[in-house]
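Annotation comment: TrEMBL describes 25-36 as compositional bias 'Low complexity'. If you look up TrEMBL, you'll see 1-36 marked as region 'Disordered'. Per TrEMBL, the feature transmembrane segment maps to 160-180, 200-221, 233-252, 264-287, 324-344, 356-375, 391-409, 429-447, 459-480.
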């Protein structure tokens, strides 16, 4: 084969010399993604053919672990950023192949790609650039990308403002979640419906955990993509902020500890089993009803497609001005909620009212949401540089276990001090900060994704890890002092 014929089988993309495998009949297709606020550019290459089983398992492990939340990695400025060593995290998997991102540090020298062996993925070796390879028909991509980059610059927010807007959304929806959880406690508690109580396995937060898991099937699974097309911050605020704060794992764990410390071990175990069962089927019911509602919407949209498209653009937050306007509105709402809560808290404290814990919870709730959101970036990352046990959402585990331990410590403190002021402060922190730091909706979304994956046993192992660690540490922090010191 002559040099001209050889060069016709070589494509240059971004400093790479790509040699397709003619014998196997595979072809390589290439794309490039960029972000105006991303610190690291990425190259991707699409390798057609079957994926190795180990890579397929790796993708599934990350997917189920990230089913509930991925924290600030969901922000536009962090979607394409890479950190640590080279890891095969796949942006999309299609019938034609898999897109493999390659950091810029591997682009210092041109390389040869071979698609002969998909198990090996990439074979790299330095080559020299041929003159005829310096210009390629693919160079028109640069013009398209430059134009799209200019358009995206007009729509995107600076990274700092993006974080601030997200935190404000999380705070507002977190406070609304605390208020809803408190109202459900009062509605189904001993004072009204009498369905739940502190003395039975039907704990006070069971209705809110069920309602939050049901709504998670709607707004955190089925319609989350549609909400994101309107506003990414709205999707994060609803799923992580509102539904994550509406549900609480720490309150669930503490009620089971209080049953066990009184000797009701069977009720404590049944409380965990029934709570897990009801929350799991709540999200299943939510997903199924949301899918049915979505089908009805799709039929209606086909008849009114033009009107839907024109009205959809009105509500979409797709420009920097709209982002800033929404951010200002949510800032005012947050300031109003905090101001009203502070005034009512002062009045309740001065009059020895029973609602002081609620307004304190509304004030200290947002920091709990923020910490849980930042911890969620650990989901799907695994342990160490090798990324072992990626299927375990470590961010959610840390948030739930730490909140359960702090709640147990505050319960012990309340029994030790035994004053009305201490009781109000500790209960308010438990209701607000710890209730928002821990979550059942995200936990159940991850549990449901694992249960429907290729390895359904992982769901039950994940649930056992979270429950056993939280309950075991809570027993040491709360139950043992109660037993030894004889608190009432």
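Including glycine, each Cβ sits where the backbone N, Cα and C put it.
Predicted automatically and left uncurated, TrEMBL annotations should be read as such.
Between the transmembrane segment (233-252) and the stretches 160-180, 264-287, 391-409, the greatest number of Cβ pairs separated by less than 8 Å involves 160-180.
Touching of the transmembrane segment (459-480) and the transmembrane segment (391-409) is concluded from the presence of at least three CB pairs under 8 A, sequence neighbours closer than 6 excluded. Between the transmembrane segment (160-180) and the transmembrane segment (324-344) there are at least 3 Cβ pairs closer than 8 Å, counting only pairs 6 or more residues apart in sequence, which means the two stretches are in contact.
Listed as Cβ neighbours of the transmembrane segment (324-344) (distance under 8 Å, sequence separation of 6 or more from its ends, same chain) are residues 157, 161, 164-165, 168-169, 171-172, 175, 231, 233, 317, 355, 359-360, 362-363, 366.
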